[in-house]
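> I have a structure I would like to understand better, so I am pasting it below and will then ask my questions one at a time.
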Amino acid sequence: MMAVAEASQESLKQRLNVSGGNGLKGTLRVSGAKNSALVLMTASLLSEETIELTNIPSLTDIDGMSAILESLGVQVDRQSDCIRLTAAELSGSAPPYELVNSLRASFFSIGPLLGRLGHAQVPLPGGCRIGARPVVEHIRGLKALGAVVNVEHGIVTASVPGSKKRLTGAQIVLDCPSVGATETILMAAVLADGVSTIENAAQEPEVQDLANLLNSMGGQVSGAGGPLITVQGVERLRGCSNYPVIPDRIEAGTFLMAAAITRSPLVVEPVIPEHLSAVIQKLRDCGCSIQIKGRAVTITPGEITAVDITTQPFPGFPTDLQAPFMALMCTAKGTSVISEKIYENRLQHVAELQRMGASIRLEGSTAIVEGVAQLSAAPVTGTDLRAAAAMVLAGLSAKGITEVAGLKHLDRGYDDLEAKLSAAGAEVKRNIP
């Protein structure tokens, strides 16, 4: 627990010095998906047997989730990109606030704890400060499955009434296709009595990855990846070995945009192309040639021209790539309109890009971006995870050396970003005071 806090404090003091004007070359390797790995780790709470996950990225968020699971009695064994989780005997159902506060994904523990133990007490989550990300849908779904849920003083307490301590299958219709709510309900329903359906379910690849893991553990989940998911509850789930986390589509998209903003031909792999269809289409629209061969994506940028994007749930353009794409559009020919429809406070990077000479006008949750000939280096701060990535990308194309602060955010979601970029020809150096 202390080690996680110390790592976060250390990264607060660090800066990333990014020298602009260097092209990229070769291949950038994509790590396992952060947003999938965190949820799959919490699924270990559903079984008494060992869950072995591979292709786990090296991130502070993974360290934080490991600490949360250990606080609940899970044995965690991490070796390189493999993690073994054994929840044979859980010692508690209430993860501590000091761990949960910095990691939004910690709230995913409520579904497995409730499904297996019949009770859970989880503080409301933390993570990036990019606007309201309520858990109303999560709670409504748990109540539909028969849980009694109370929220008081920032803590969500949930329990299953009766002697069986077992949830009951139900028909659940989400008001919006929330990824977190879909995954929470899915993990709670897998051990419930009877059949559950989730209508208007999130269709993101990370939901599919969770369903695939649960099925490999003996669950009966069908329809994941579509708007209707059906879950036939089972008595128990077994362990599983060597389950690979899907490649991180957001990291892959960031790398493709790094190639585009530096006007560099590059290979990005491994990528599941259908996970990035909307992004690949927009990159093609703005002047990039993209070739796909298996899980390798080769991008060859031409003249970059402005295109418009609107963030949407999958399979639309992902909100997590809005900031990096805006950095690219700052260097494009023409005017682009970027509309953020998922989170109301996810345009904080605009002010930082303006410090680098970007021409951006805000109208509510929409940014109008006039491309400029070249950005100029400046000291900037990544105000959240994806904003930090956008600052790095802007620095790669800017004149001079850009100093990027806010690395605690970057380290939450990008596995050794500076080393990967440096290996591809960028001049990126972490300044440790």
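For all residues, glycine too, the Cβ spot is worked out from N, Cα and C.
What Swiss-Prot lists as phosphoenolpyruvate binding site is Lys34, Asn35. Taken from Swiss-Prot, the feature UDP-N-acetyl-alpha-D-glucosamine binding site applies to Arg104, Asp320, Ile342. Taken from Swiss-Prot, the feature active site, proton donor covers Cys128. Swiss-Prot lists Cys128 with the feature 2-(S-cysteinyl)pyruvic acid O-phosphothioketal, giving sequence analysis as the kind of evidence.
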> To the nearest Å, how far is the Cα of Asn35 (phosphoenolpyruvate binding site) from the Cα of Arg104 (UDP-N-acetyl-alpha-D-glucosamine binding site)?
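That separation, Cα to Cα, works out to 11 Å.
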> Just the number: how many Å between the Cα atoms of Asp320 (UDP-N-acetyl-alpha-D-glucosamine binding site) and Lys34 (phosphoenolpyruvate binding site)?
12
> Assuming the binding residues for UDP-N-acetyl-alpha-D-glucosamine are exactly those in the record, Arg104, Asp320, Ile342, what is the maximum CA-CA distance in angstrom, rounded?
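Between the outermost Cα atoms of Arg104, Asp320, Ile342, the distance is 16 Å.
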> What are the non-local neighbours of Lys34 (phosphoenolpyruvate binding site), defined as same-chain residues 6+ apart in sequence with CB under 8 A from its CB?
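Same-chain residues close to Lys34 (phosphoenolpyruvate binding site) (Cβ under 8 Å, separated by 6 or more) are Pro57, Leu59, Asp61, Ile62, Asp248, Ile250, Glu251, Arg412, Gly413.
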> If you draw a 10 Å sphere around the Cβ of Asn35 (phosphoenolpyruvate binding site), how many other Cβ atoms fall inside it, taking every protein chain shown into account?
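Taking every protein chain into account, the count is 22.
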